[in-house]
Amino acid sequence: MLISEPAPDPTNLGLGVVIILVILLNACFNFYQEVKSIKIVASFSKMIPEKAIVHRNGIEEEIMADELVPGDIVSIHMGDKVPADCRLITCEGLQVNNSDLTGESEPIRCTTKCTNLNYLESTNLIFYSSLVVQGSAEGIVISTGDKTVLGQVGKLTRGSGSSDITALHREINRFVLFIICAALTAIIAIWITWAAWLNVTQHGYISANGNVVNSIGMVIAFIPEGLPAAVTLVLTIVAKRMYKQRVLVKALATVETFNSVSMICTDKTGTLTLNQMTITHLLWGTTGEFSVPIEKNNVHDAGKSFKALLLGGCLCNNSENQLIQDNGDESLKKSQTKLVGEAADVALYRLCEENCSMNVENIRKSNLRLKVLPFNSKNKFMITANQLEGEQEQQKILITMKGAPEIVAHRCSTYQNDNGDILPFTNDVKQIMFNRQEESGKNGYRVIGMAQQTMKKEQYDLMMKRYKNTRKTHENKQEQVYEDLNGLPGENYCFIGMFTLVDPARPEVPNAILKARGAHIRIAMVTGDHPTTAAAIAKQVNILSQNISVDNGLDTFKLGENESGTPVLQLLRNGQIIDTHLPGKTTTLDLITNSATVKSVLKTTDNRKLNFLKRWWQTAKSYVADPSATKSRDKQKLIPYGVVVTGSDIQLMDDFMWDWVLSHKELVFARTSPEQKLRIVMECQCRGEVVAVTGDGTNDAPALKRADLGVAMQAGTEVSKEAGDMILLDNNFASIIQAIETGRLLSDNLKKVAIYLLPGGSWSEVIPVFFCVWLGIPLALSTFQAIIFCMLNDVFNALAMVSEKAEKDIMSRPPLIRHKGHLLDAKLLLHAYMIIGNLECFTAFFCYFSWYASQGIPLSSIFLTYNSYGKNPPINYTTDELTTINESGQSIYYVALCIMQFFNLMSSRTRYASFFTHNPFFGKGRNLTVLCGIVASTTVALVVTLVPWFNTQFKTVPVQVKYVMPALGFGALLFTLDELRKFYIRKYPKSILAKIAW
């Protein structure tokens, strides 16, 4: 009854129609862009097709996983994802992770026997999507596609997308929360004012219906309608850029996290290096050595140790030639043979075949493999058992161990000297061997040790029988075998010699790391290689730089004793003791509860123990509040030195040692296990670091999953790709730096959109309503014009803003600190409202009141008049004439605001760079969509003010240019002041003005 009127204004009907149409247009645009970005991301799946190794017609070949059919025999190795439901027919220490099906993260040991009538519990069945964490096997395909166990559980596959709340989600949620609170506060304020004062003392000045319209105007003014479209469009642009950069992002919103990345923990092999290893030297005894390439005559004249090394390289090796189909074009479908396997195995295979003229396949057929223990990151060695050729009468078995030299040497009791004689492996000989390894490592070589032992077939069979009995006993008691080597011996080997391999660094990596360092991002190498080799490669790729780690010093530590004989940690710099530390308190971190959904390092209170309200509050808070860290990153002082830490020493580290190690600017962790790599990531996160982890191996998966951003390599294992948040399809480390730049650009452009939308779209539209209600002046901007301005004029320019290129200094700024830098913060609001907003609002009112002055109406006849406007003081115009004058003034205010936003657009394109070095017309900052946005916005303003239908229906009026000319002057002033502000910030980056810059 209050809001009904005998003659309702038809403008309100038109207003409602316009709102509905604009909302529909925005929704359609958002839907189109969302579908577009989804299609781009979906197209990535074609770049990483799942493949399977299958035996068909007696030939082993690689095919697409979707070409498998029941009855196919597939080979499965560590790091693979099981391509279909299979029944095992051979099994070599196979362990799979069935967490997708069962939720249990503990690996399951597989066998070839049915152990349970429940097919999900039987250890001779493996299921599609399970990840192979250790060993190898062959299996018969029993189900494929939708007929697999996982395929039948449709809800699981449809709901497999991550439900994590990303940093971008939180930023948008905070923005929305601010807008809701501001809009509600403004609406409540005008309704309280109307009910308690205006409707009582100035009855009839604003009706209830008018106040409803004002409230709608308030809501529309505060809501930045261009923001949802801008966010959707910027994600589409990011998807296109990632597509061009060959980067697969599982969720586009995670790219924004790169803006906060402060540390990258990267694997070495295959990430920093090409993973194309070649053998450079063969070492045996104390002085024996051959360099590659090897002359054929030298091969025939070589001694026993050299030939034993080559035989071991053929037999203790899982690389093999496979038939791989080229599925690019069905009409040109063909197959080719390719040598596949671990990089070191491939290098050994090629050494034997190409350099030493050995037929590896014939040697393997003549020396049949009986048993194998595949290499894994825990043991750091591989063992094979082969029945030797020509030993049918004695039936001798050759056991070969290959792996890290210090690990292999620990399991040896004898060695072959330079002449091939078997001698005791004394500590002095071991030290000589270690010195040779150290010398090779300093030159950046990776070193592999090899050991052998022979035994009679009867002895081998007895050993296998004993192992099966022991294994069965432990399985019945549900106990874990202390060291399960598949029954193969773990000691009493004879050390044969070593291979040195070189894995060249990727050519683009050194410059990429320098660029990361310029962006204040620390790079930590975390590798399984020997410390000396790791340090040498780190120097080659600039992780250990000349001016810090070489000139200042390289730190490490070791366990020693003080003068009283108490064990202490000795802190060393360039080999000299600089301090000692008595190990103390260590914070326990949960290494077991490690999943992609658990990103916070600190344990939180169990929600089940909280009441409903507290649970609801914690859930709601998680949508806007960032995860907390134990220490703020900006408070941790970094020291200008490098440090090298070995995995065996990590267990000695307490909280003090972690603080000391992670305070170094340059970091290398060597000989690390998966658990240790995970611990390193968690300790970094505990100290406020936002960690990106790169890796390509199965051993990298736990850390990839735990990291704030896990970056896997396309050439890596399926396990690592499943664990990562994104995949580098070109295996290019430099793409990570490009992704970081893209993340920073995304954050920058969203801030630019906000700084553009808030002054005109909120402040300059809200103030006229408050002035109308509180100061009793006519409404300076109609609700229709406010809606058009927000939903069309500003949207065009906001969408143009998201296409901005990166500023020159974007990769020289420090990473964003999560708890300090937000899309909406006090600095941005101060700049948007107090500076730009007030100047735009003043300019629009200046033009508005100038129009009134030209009509002979002074300010004294406008302010605080309320119901008496035009009567007290009297104005020589009729009510209809005053209404027409105000309609013209409203159009002038609207056009002046559009002009000021054009200058705001040009100023807000850059945060620190000058417009003239980053202009939209040419050069690196070229962005012609800005000009398109200005043209589109101008067209809208001209249509609204000049088209007769709009003049009649929505009471707009054509605007004379002379009344909006002041906006050009004030706009130029805004532009000039902002250019001076940016210049001062660039010249004095530590000034107060720089600290409050948005």
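Here the Cβ of each residue, glycine as well, is placed from N, Cα and C on the backbone.
Listed in TrEMBL:
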TRANSMEM  12-32  transmembrane segment
DOMAIN    46-157  domain 'P-type ATPase A'
TRANSMEM  175-196  transmembrane segment
TRANSMEM  216-238  transmembrane segment
TRANSMEM  753-777  transmembrane segment
DOMAIN    778-983  domain 'Cation-transporting P-type ATPase C-terminal'
TRANSMEM  828-851  transmembrane segment
TRANSMEM  928-951  transmembrane segment
TRANSMEM  963-980  transmembrane segment
Closest-packing stretch to the transmembrane segment (963-980), where packing means Cβ pairs under 8 Å, from 175-196, 828-851, 928-951: 828-851
Spatial neighbours of the transmembrane segment (216-238) far in sequence, C-beta under 8 Å, 6+ residues away: 15, 19, 22, 26, 29-30, 33-34, 36-37, 40, 168, 172, 175, 179, 182-183, 186-187, 190, 249, 252-253, 255, 742, 746, 749-750, 753-754, 757-758, 761-762, 765-766, 769, 783, 786-787, 790-791, 794-795, 797-799, 801-803
Secondary structure content of the domain 'P-type ATPase A' (46-157), with strand meaning DSSP E or B: 18 helix, 48 strand, 46 coil
Integer mean pLDDT for the domain 'P-type ATPase A' (46-157): 81
Outside the transmembrane segment (753-777), six or more residues from its ends: residues with CB under 8 Å to it: 175, 182, 186, 189-190, 193-194, 198, 202, 205-206, 214, 217-218, 220-222, 224-227, 230, 786, 789-790, 794, 797-798, 801-802, 823-824, 828-829, 831-833, 836-838, 840-841, 844, 862-866, 869, 893, 897, 900-901, 904-905, 908, 998
